[in-house]
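Noted in TrEMBL for the protein shown:
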DOMAIN    1-298  domain 'Major facilitator superfamily (MFS) profile'
TRANSMEM  12-33  transmembrane segment
TRANSMEM  45-65  transmembrane segment
TRANSMEM  77-94  transmembrane segment
TRANSMEM  115-138  transmembrane segment
TRANSMEM  144-166  transmembrane segment
TRANSMEM  178-197  transmembrane segment
TRANSMEM  203-229  transmembrane segment
TRANSMEM  250-269  transmembrane segment
TRANSMEM  275-295  transmembrane segment
Amino acid sequence: MGPLLGGLLTPIHWSLVFAINVPFCLLVLLLTLRVAPSPRRPKPFDWVGQTLALTGFVLFIAGVIEIGSLGLNSPLAWGLTAGGAFTLAAFVRSQVRVDAPMMPLDLFRVRGMQVALMIGFVMIFNWYGMVFISTMFLQNERGMGALAAGLVFVPSAFVTIGGNILGGRIITARGSRFSITLGLAIMIAGFLFEFLYPAPIPVWVIAAGLSVVGFGAAITTPAAAGVVLASVKASQAGIASAMFNTFRQVGGAVGVAVFGVVATFLPTLTLALRAVFLASAALLVLILIFELLCWRER
């Protein structure tokens, strides 16, 4: 529903798209302070890790975005990207040295965590990249307004709700592994459908593709979250879940940045959209193969 709400707010003022998040964030903060339990013996807060991680991701994503606007020969763009990569490397190194790391690196050795984190990152990388480029395509090549473009995304929202409900039943009946495999296969089918549809790409194809991909993602996500919780000790469930959500959010930000760069180097948004569909399908195929190999080893 985000694109629809954005379409309603953008004609008033573009900044409202960001301002609308403030009351929701404040509400969540208040509820967290009132409801969420605090540990009796809280661990030390990893200020160094938090600072390095935040700085590294901001620099890296900003650098990728600037490559699209300033070009491949921009020292600023590559400087930001390199600075982000260096800072993230420093973050990883810091996690080895502190007693209470923000992101315990030993969890990356757990096979279930490896599968779930990669799925979470790539899935949201593809989804946000597709939503971003699809919005540009609908507005700039189809001439639709912000509200009309937002309405194209509404069917996928309702389909996603149905996918979440069905996904829970599939997990109960067949388990998380089957649900993940099924969800990834559905997402691949959705991306390939959009990629293979002959030009010109009509609006209904965008809406249908978003719905199919969203349906598959709704089946995959809760199953992947279940794999995370099943792969770690109860005492590590909180940090493992946080890592899963962090990888998803970072994947979304990187997806928008990367696919935005792709769009700037292609002559038309139609080609950019097809590139997004093909790249997303290819990435999900690789993740599906990795997932199946991991389960086979176990």
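Any Cβ shown, glycine's included, is placed from N, Cα and C.
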Residue numbers, six or more beyond the limits of the transmembrane segment (178-197), whose CB comes under 8 Å of its CB atoms: 115, 119, 123, 126, 130, 167, 170-171, 205-206, 208-213, 215-224, 227, 273-274, 277-278, 280-281, 284-285, 287-288, 291-292
Can you check how the pLDDT averages out over the domain 'Major facilitator superfamily (MFS) profile' (1-298)? 85
Closest-packing stretch to the transmembrane segment (144-166), where packing means Cβ pairs under 8 Å, from 12-33, 77-94, 115-138, 250-269, 275-295: 115-138
Any contact between the transmembrane segment (45-65) and the transmembrane segment (115-138)? By contact I mean 3+ C-beta pairs closer than 8 Å, pairs at least 6 apart along the chain. no
Excluding the flanking five residues on each side, which residues at least 6 beyond the ends of the transmembrane segment (115-138) place their CB within less than 8 Å of a CB in that stretch? 3, 108, 144, 148-149, 152-153, 180, 184, 187, 191, 201, 203, 206, 210, 213-214, 217, 220-221, 224-225, 227-228, 231, 243-245, 247-256, 258-260, 262-263, 269-270, 272-273, 276-277, 279-280, 283-284, 287, 290-291, 294
What same-chain residues lie close to the transmembrane segment (275-295): Cβ under 8 Å, and 6 or more beyond its ends? 111, 114-115, 118-119, 122-123, 125-126, 129-130, 133, 177, 180-181, 184-185, 187-188, 191-192, 194-195, 209, 259, 262, 266
